[in-house]
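Participant: Residues annotated as transmembrane segment in TrEMBL: 29-49. Here TrEMBL flags 67-87 as region 'Disordered'. Look at TrEMBL and you will find 73-83 tagged as compositional bias 'Low complexity'. Residues or ranges marked as active site, proton donor by TrEMBL: Glu249, Glu491. Look at TrEMBL and you will find Asp382, Glu516 tagged as active site. Residues annotated as disulfide bond in TrEMBL: Cys445-Cys477. Marked as Ca(2+) binding site by TrEMBL: Thr594.
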Amino acid sequence: MPVATLLPFTATPNRKSASPTSFRLTEKFILLLVFSAFITLCFGAIFFLPDSSKLLSGVFFHSSAVETNTRTGPDSSDSGSAGNDDRVLAKIRKDHEKALLEAKDTLQKRPDEIKQDIIIEKEKVVKESMGQGGKDVNNLPFVEYRRPPGATGHEPLDPETRDRRAKIKEMMKHAWDSYRRYAWGSNELRPVSKQGHSSNLFGSIKGATIVDALDTLYIMEMFEEFDAATDWVEKNLDFNVNAEVSVFEVNIRFVGGLLSAYYLSGKEVFRRKAVELGEKLLPAFKTPTGIPWALLNLKSGIGRNWPWASGGSSILAEYGTLHLEFMHLSKLSGNPEFAQKVMNIRKVLNRLDKPQGLYPNYLNPNSGQWGQHHVSVGGLGDSFYEYLLKAWLMSDKTDEEGKKMYYDALQAIETNLMRKSSGGLTYIAEWKGGLLEHKMGHLTCFAGGMIALGADGAPGDKTGHQMEQAAEIARTCHESYARTALKLGPEAFRFDGGVEAIATRQNEKYFILRPEVIETYMYMWRFTHDPKYREWGWEAVQSCRLDGVRDVYAPTPNHDDVQQSFYLAETLKYLYLLFSDDDHLPFDHWVFNTEAHPLPVIKKDKTDRPNEVE
Ligand code: DMJ
């Protein structure tokens, strides 16, 4: 035996031959440290790795958990521990089998079905945790969410249609990504200068594009983007602002956008935000007649009208375009006030005499009298007529008052405003104190779709006639695009001074990505399946760009550098639906608000009534 092995380790110069038992004090200390670090690591892993609590209970507390189980369970008795163990093992086996079955079941489901199940489970938990009266922490009643059919679609069979639809989704992706990159959180994007743009229509409320785009993202199945938008809404959408907003714009874009996002996804945050904003809009109705102000300070609750609006009048298309959203707000909040406010508007209107059966655009909210006698189915008047028809449809055709008001108004429009040009183009003129102005706005082009949508319910055998009118308006609006250099429609076009469907005034030659013409093509396609509507829509896609242009007759575009939020909410959505099958957002289950936000039909048959407040 070498001498060195007999010597203590400390005295040995050659460590390789040292005995392991003969460590120096410092080395012992290091070893101890390593050992204790190892133990800490093991415990750390048990405590801090995901789901470590389960591991911990499985590894360490198994027997005590078993004891607890057997002690508190219905079978708890003092019978021998062997019997207990058998029962426990049987229970574990049963639980495992159940979990396996559930997992198998889940694997067979589509991702959206799984998502929906999770939402329903969550809601169950919320319901169970709610106290008496069935209200949640936000003081909202429990609503059993059931998604109406057709929230998402499927690929069209025809390859060309499929490609075109995919192209529109690409356009949406591009518009969204650019907004996300350069203007996230602002109201809109300036695509040329690559920065945010804020419109004073929304005061200092932010994120108009996000809220307006939510449902389009959803129906196009852009779920990653939808989730990012939802996250922004949860964390940043704030209505506690000291700012004056347009009641109409905030209602159609924000309340409408939030309601649709709720009905499509079932996410409670959207219901909560929609109701919160709706409540903030209620002070606008504090006028002697209950006809709301156009502008409202959300903090002070003080309202007023546009200074240019005929002696302080409220505007037909503004106060008349709250009905759909407010009916749903009552439904989702359990607060009847929203519905009462909009039903009162109808009462006021029904008490008034109408010149030639027409509704003037201006109404004084103090006196309850008409202002200037200007009638238009375009700007200032348009969506009032749309909401009469859609209120009837959204009520599952029970709102007879809305129905009558719509068809009576349409008759007066046909008699007094609708004309045919010498070149055979049907148009809807404007009426000023009894005189016709032979001008049709781009906004008026939505009327083709509206008339087609209402044709089926038209009284006295007028269905065919109204479908023809709708088709003629679609053709006129297509001509207004076809007769320009950029193949995009001007803001307004005229039928006088020797022109037809052409803008003659410089300030009417611009195009701001408006959706109305595409909207009409979409309705006409659904009702006729005439391929020309898809062709016309495709022509527009090829001419379209990310922002508006100042003159559609100038061959070189002069950009306006604004990507309007309604481009994502409406123009791209209607284009996508134009190239989708009819069971995507089917008309017997959904009605579009004037910003193209789909709201479900409130079914009269209780068994099929989705989203009913309990
Ligand atoms: C949208 O905000 C709505 O469609 C509104 O009813 C009219 N104008 C724009 C789009 O052009």
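For all residues, glycine too, the Cβ spot is worked out from N, Cα and C.
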Participant: By CA-CA distance, flag whichever of Asp382, Cys445, Glu516 among the recorded positions is nearest to Glu249 (active site, proton donor).
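Facilitator: So, of the listed recorded positions, the one sitting closest to Glu249 (active site, proton donor) is Asp382.
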Participant: Output: those recorded positions from Glu249, Cys445, Cys477, Glu491 whose CB lies less than 6 Å from an atom of ligand 1, in sequence order; none if no residue fits.
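Facilitator: What lies within reach of ligand 1, judged by Cβ under 6 Å, is none of the recorded positions.
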Participant: Check the Cα-Cα distances from Cys445 (disulfide bond) to the recorded positions Asp382, Glu491, Glu516, Thr594 and tell me which is shortest.
Facilitator: Glu516
Participant: In sequence order, what residues of the same chain, 6+ apart, have a Cβ less than 8 Å from the Cβ of Glu491 (active site, proton donor)?
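Facilitator: The list for Glu491 (active site, proton donor) reads Gly441, His442, Ala503, Asn507, Glu508, Lys509, Tyr510, Phe511, Ile512, Arg514, given in order along the sequence.
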Participant: Which is it, of Glu249, Asp382: the one of these active-site residues whose Cβ has the most other Cβ atoms within 10 Å?
Facilitator: Asp382
Participant: Near Cys445 (disulfide bond), how many other Cβ atoms are within 10 Å of its Cβ?
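Facilitator: Counting Cβ neighbours of Cys445 (disulfide bond) within 10 Å gives 31.
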Participant: Under a three-state reduction of DSSP output, how is Cys445 (disulfide bond) classified: helix, strand, or coil?
Facilitator: helix
Participant: Taking the Cβ of Cys477 (disulfide bond) as the reference point, list residues of the same chain whose Cβ is under 8 angstroms away and which are at least six residues distant in sequence.
Facilitator: His442, Cys445, Gly448, Gly489, Glu516, Val517, Thr520
Participant: By the DSSP assignment reduced to helix, strand and coil, which category contains Glu491 (active site, proton donor)?
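Facilitator: For Glu491 (active site, proton donor) - judged by DSSP and reduced to three states - the answer is coil.
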Participant: Could you list the residues of the same chain, at least six apart in sequence, whose Cβ is under 8 A from the Cβ of the residue listed as 'Ca(2+) binding site'?
Facilitator: Ile252, Gly256, Thr321, Asp382, Ser383, Glu386, Tyr387
